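Please read the structure below before turning to the comments.
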Amino acid sequence: MNLLIMGPPGGGKGTQCEVLVRELKITHISTGDMFRENVKGGTELGLKAKEYMDAGQLVPDELVVAMVKDRLSKPDCANGFLLDGFPRTVPQAEALDATLKDMGIILDAVLNIAVPRGKLLDRLTGRRVCRVCGATFHVLFNAPKEDGKCDKCGGELYQRSDDTEATVNQRLDVYEAQTQPLIEYYGKQGLLKEINGDQEIGKVTQDLLASLGR
C-alpha cells in the first residue's frame, strides 16, 4: 500500500506514522530525514542540494523530487510506503504524480489528519521546559505538581519562544496556506481520506486504518 500523510503541527502525525508503518508493514519516508541523509552522506543529489542551501537559496523542486524518486526505488519500498513531509505545494504534487507514473507506482490514498485550530493552540502552547534539567511538561496533559516548578529537580519551568501563541499561529497560518490547495488537488483525484485528529490516539489510528479498509 502506497500512502501519503498530511497533518498540522501538533496534530499527532508522527505518532500515527509509527503505528501505521508497523500495522501495514510499509516503509516510513520522512522527506526531512531523507534530505539530511543525502546531505550528510555526500550523495550527488545531497551535494547539489547543499550548494543551494549554502547560498541561502531554496532547493529546487526537481532536486527534491529526484531524491524522493531515488528513495522510492530502494528495495524496502517494494511492499509500500508512507510518504511524510512531501509534497508541500501543488507543483510538487504534480511532479510527484509524474514521477510515480514513470515508476509504475500507484498512490492508494492521501491521509489528512484534521484538528481544530483551537485544540492545536492548546497542544502547542502548553509545553513547559525546565531551565535546569530540560524535563518537559504540559499545562494540560502532563502538568507539574507545583505550577512553574520542575517535579524532577525543582528548577524553573519556562515557555520556549517557538511555543508562544503568536509563533504557533504563524506556523499554523503557513501550514494552512500550503495545505488547502493540496487537499483540493487530492480531493479531485478521489484519493483524500479526512481523519478527525481531535480524538484519543487509539481512535485516530482506528479511523485511519478503517479508511484504508483495514
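Placement of Cβ uses the backbone N, Cα and C atoms for every residue, glycine included.
For the ranges 88-125, 126-163, the feature annotated in Swiss-Prot as region 'LID' maps to 126-163. Going by what Swiss-Prot states, the ATP site holds Gly10, Gly11, Gly12, Lys13, Gly14, Thr15, Arg127, Thr136, Phe137, and the candidate of Gln189, Gln199 recorded there is Gln199. In this structure, Thr31 (AMP binding site) is part of a helix by DSSP. Considering only the binding-site residues Gln57, Arg88, Arg160, no residue lies within 10 A of Phe137 (ATP binding site) on a C-alpha to C-alpha basis. Note: the region 'LID' (126-163) comprises 3 helix, 13 strand, 22 coil (DSSP; helix = H, G, I, strand = E, B).
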